[in-house]
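Annotation comment: Swiss-Prot describes 8, 57 as Mg(2+) binding site, evidence class sequence analysis.
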């Protein structure tokens, strides 16, 4: 069953300006070490950060909290499955909120779709609760 849906659009130009103005102060506040390493080794650095920023916003919406109620930017990390498919790893307040959304005997599966078509980046997040025997 679906327990949360979120989407977000992010202007890549805004992220590029923020990177120019605030650099590491911005990236260290919003992104995990792994996300920074992945984005910083690419030529399209702003696009990578914008996709991840949109994913975090979409996840916060899917959790039903936004970036409040103890959910912080770095509680949500965009990672890739072995197949290359993006997903989210949650920690701290985001993981706690996710646990509150799940019915007893269910585990979460987070579905993430990321795209960009400059100047915009977009993300969708769906939180699915699956019975533990199926989620395995």
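Note: Cβ is positioned from N, Cα and C throughout, glycine not excepted.
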Winner by Cβ contact number (other Cβ atoms within 10 Å) across the binding-site residues 8, 57: 57
Residue 57 (Mg(2+) binding site) - helix vs strand vs coil (DSSP): helix
